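Q: Have a look at the structure that comes next, please.
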């Protein structure tokens, strides 16, 4: 699908995240066609018109207000539609209302004849990625979530500011849920092959308490931003653009995305954030980082928490009746 000369993306959800993602695609010259779908048709028309005025500064692209039927020949459908996270609300608080939205959207996309890749960003992203897989009947690899891509970027940036190294040169991951049960994989965090734990000791950068504080600032970043400005959207939009480029260009890039779990970390039948090779077929190959005992326990706990919520939600007839996988 993604090796056609004209690469087509359909975006469903033209809120703060969706419109920021569309702007990121225009800015970076990603895709040659972008259709925007939302309940508020005039908003999509206005955004398409506004974005088109930036094309003379970037690269040619067809941008338009789309309908679900336009997904029939798309390479990628990106789902940002859903109720936003409010101040004081966790991502998991959004489950039922966003499951209903996801079921409706995915059903309509599949009915169009769409055969490409789903990229899910609406929260709680791991659960909604799982739901997209269940409602679509698609193979696991062709349903991808943004996962811990943003959390990992936040982690690398926070570390970069502490150790005075370009964030792009820091190799470190956040894994698990995109949410409160996520964890930092300190056992593999490194700069130029030097473990960060050793780097901290040799350069007297961070003590144990400061390391904990740094991780907590990463984990709780969304709450801080939401309290100040009502929503997070720029960071996740650029993360989505990066994943989009990897898929459309068949890059085989290693990115921390939401991947189906088949027991590799003691977790099964759910999606969780972990590094994976990403290309034209979606998840080409999950990368199973060998975790230490403490990290493995955190991964299992994160998966168990999400699985319990999934099982409770899909026990309800309105969701169980729509399952295709």
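Cβ from N, Cα, C; glycine included.
I grabbed these lines from Swiss-Prot:
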- 17, 38, 43, 68, 82, 83, 121, 122, 123, 146: NAD(+) binding site (BINDING)
- 85, 91, 123, 124, 125, 126, 151, 152, 153, 154, 232: substrate binding site (BINDING)
- 156, 171: beta-D-fructose 1,6-bisphosphate binding site (BINDING)
- 178: active site, proton acceptor (ACT_SITE)
- 223: phosphotyrosine (MOD_RES)
Q: Three-state secondary structure of residue 151 (substrate binding site) from DSSP?
A: helix
Q: Measuring Cα to Cα, how many Å separate residue 82 (NAD(+) binding site) from residue 125 (substrate binding site)?
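A: The separation of the Cα atoms works out to 10 Å.
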Q: Among the binding-site residues listed here (17, 121, 125, 153), identify the one with the smallest other-Cβ count within 10 Å.
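A: It is 153 that, of the binding-site residues 17, 121, 125, 153, has the fewest other Cβ atoms within 10 Å.
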Q: Cα of residue 153 (substrate binding site) to Cα of residue 123 (NAD(+) binding site): how many Å, rounded?
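A: Roughly 18 Å, rounded to the nearest whole number.
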Q: Suppose we draw a 10 Å sphere around the Cβ of residue 82 (NAD(+) binding site). How many other Cβ atoms does it contain, all chains included?
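A: So the Cβ neighbour count for residue 82 (NAD(+) binding site) comes to 25.
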Q: For residue 125 (substrate binding site), which of the listed recorded positions (43, 156, 171, 178, 223) have their CA atom within 10 A of its CA?
A: 178
Q: Which one is closest to residue 43 (NAD(+) binding site) in space, judged by CA to CA distance, out of the recorded positions 151, 156, 171, 178, 232?
A: 232
Q: With DSSP assignments reduced to helix, strand and coil, which class does residue 171 (beta-D-fructose 1,6-bisphosphate binding site) get?
A: strand
Q: What's the number of neighbouring CB atoms sitting within 10 A of the CB on residue 151 (substrate binding site)?
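A: For residue 151 (substrate binding site), the 10 Å Cβ neighbour count is 28.
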Q: Given the recorded positions 17, 121, 156, 178, 223, which one's Cα is the least distant from that of residue 85 (substrate binding site)?
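A: So, spelling it out, the nearest of the recorded positions is 223.
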Q: Could you tell me the C-alpha distance between residue 171 (beta-D-fructose 1,6-bisphosphate binding site) and residue 151 (substrate binding site) in angstrom, no decimals?
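A: So the Cα of residue 151 (substrate binding site) lies 13 Å away from that of residue 171 (beta-D-fructose 1,6-bisphosphate binding site).
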Q: Go through the recorded positions 17, 121, 123, 156, 178, 223 and tell me which ones have a CA within 10 A of the CA of residue 232 (substrate binding site).
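A: For residue 232 (substrate binding site), the recorded positions whose Cα atoms are within 10 Å come to 17, 223.
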Q: In angstrom units, rounded to an integer, how far apart are the Cα atoms of residue 121 (NAD(+) binding site) and residue 178 (active site, proton acceptor)?
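A: Counting only the Cα atoms, the answer is 10 Å.
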